[in-house]
Amino acid sequence: MSHLEKDSFGAKLGMWLFLFTEMLLFGGVFILYSVYLTRYPKEFGLGGHQLDLVYGATNTVVLLTSSLFAAMSVTAIKSGAKKLTLGLLSGTVGCAFIFLGIKYLEWSAKFHHGIYPNSPKLIAGPPGESIFFGLYYLTTGLHGIHVIVGAVLMTWTAVMVQKERLNANDNVTLENVTLYWHLVDLVWIFIFPLYYLIL
Amino acid sequence: MTEEHAEHILSYGKLTTVWVALLVLTAATIMVTRVELGVWKVWAALAIASVKSGLVIAFFMHMKYEPRLFRIILFVALFTLASFIGGTFFDVLYR
């Protein structure tokens, strides 16, 4: 059997470079948000007040907790605690489901009130309002897709840990998946104040 | 290369401390924006969000313990994003 030396330095560097492109992607959406906020401050204010602070704050706590579990899973796998690693990864995936569940409730409440892209209510209203909700669905939707991708990757990683393909000596894949998960958390750290708090 | 950067494992206690700090900052940002501070609440909320990101990047994402090259490219990326935002606002505000 050939001896394969994994380059974990290179693997992590590559992951970070990818994460920077992700930061620029979400950065672009935040630039759009701030430009339209300066153009339609009143409509953005009215739109922001229709978002549910309790849902937003709960999801912030859920994501921060999932990030803690993810960070702890790296410590666990490096100390050779397989069961604990699996438990922590399940905790992270569990938090991802709670987050998506709350997001579902939040979106369906909005849909129920006739607020969704291209809805008759938004078309009839002032342009600033439909821009606000358009950006809201774009930003939280893009973020939600990242949550789903992160949860899938995390589940796949857990299977690898279960099969002991990832272990105390070789775990850079787990580290990279958790880095991706923390990025999802980082983005939400800015979405929460911008959409739910400052308006 | 790998020998030079001996594995640094963060303790569960340290990670939990960071998590508590993040929760406290979240509570702080909600309180600060419920008070009528005018435009200052935007800056206060963004400042707190930046501190929270710093904590996540430094500890949860392990940046504090990575080689210097990682921090250099992080600052290049943040500088690029800041230039985009600055350039956009120069246009939006003075057009």
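Note that Cβ sites are derived from N, Cα and C of the backbone, with glycine treated the same way.
Computed from a predicted structure; not experimentally measured.
The feature domain 'Heme-copper oxidase subunit III family profile' is assigned by TrEMBL to A:1-199.
The list of residues near the transmembrane segment (A:12-33) in space but at least 6 beyond its ends in sequence, with Cβ under 8 angstroms from a Cβ of it, reads 135, 138-139, 142-143, 146, 172, 175-176, 179-180, 183, 186-187, 190, 194. Look at TrEMBL and you will find A:12-33 (among others) tagged as transmembrane segment.
Outside the transmembrane segment (A:53-77), and at least 6 residues removed from its termini, the chain residues within Cβ reach (under 8 Å) are 84-85, 88-89, 91-92, 95-96, 98-99, 102-103, 105-106, 154, 161, 166-168, 171, 174-175, 178, 181-182, 184-185, 188-189, 192, 195-197. Annotation comment: TrEMBL describes A:53-77 (among others) as transmembrane segment.
Marked as transmembrane segment by TrEMBL: A:84-102 (among others).
Residues or ranges marked as transmembrane segment in TrEMBL: A:135-159 (among others).
Outside the transmembrane segment (A:179-198), and at least 6 residues removed from its termini, the chain residues within Cβ reach (under 8 Å) are 12, 15-16, 19, 22-23, 26, 30, 33, 48, 51, 53, 56-57, 59-60, 63-64, 66-67, 70-71, 92, 136, 139-140, 143, 146-147, 149-150, 153-154. Annotation comment: TrEMBL describes A:179-198 (among others) as transmembrane segment.
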* Structure fact -> Lying 6 or more residues past either end of the transmembrane segment (A:84-102) yet within Cβ distance under 8 Å of it, the residues of that chain are 55, 58-59, 62-63, 65-66, 69-70, 72-73, 76-77, 144, 147-148, 150-151, 154-155, 157-158, 161-162, 174, 181
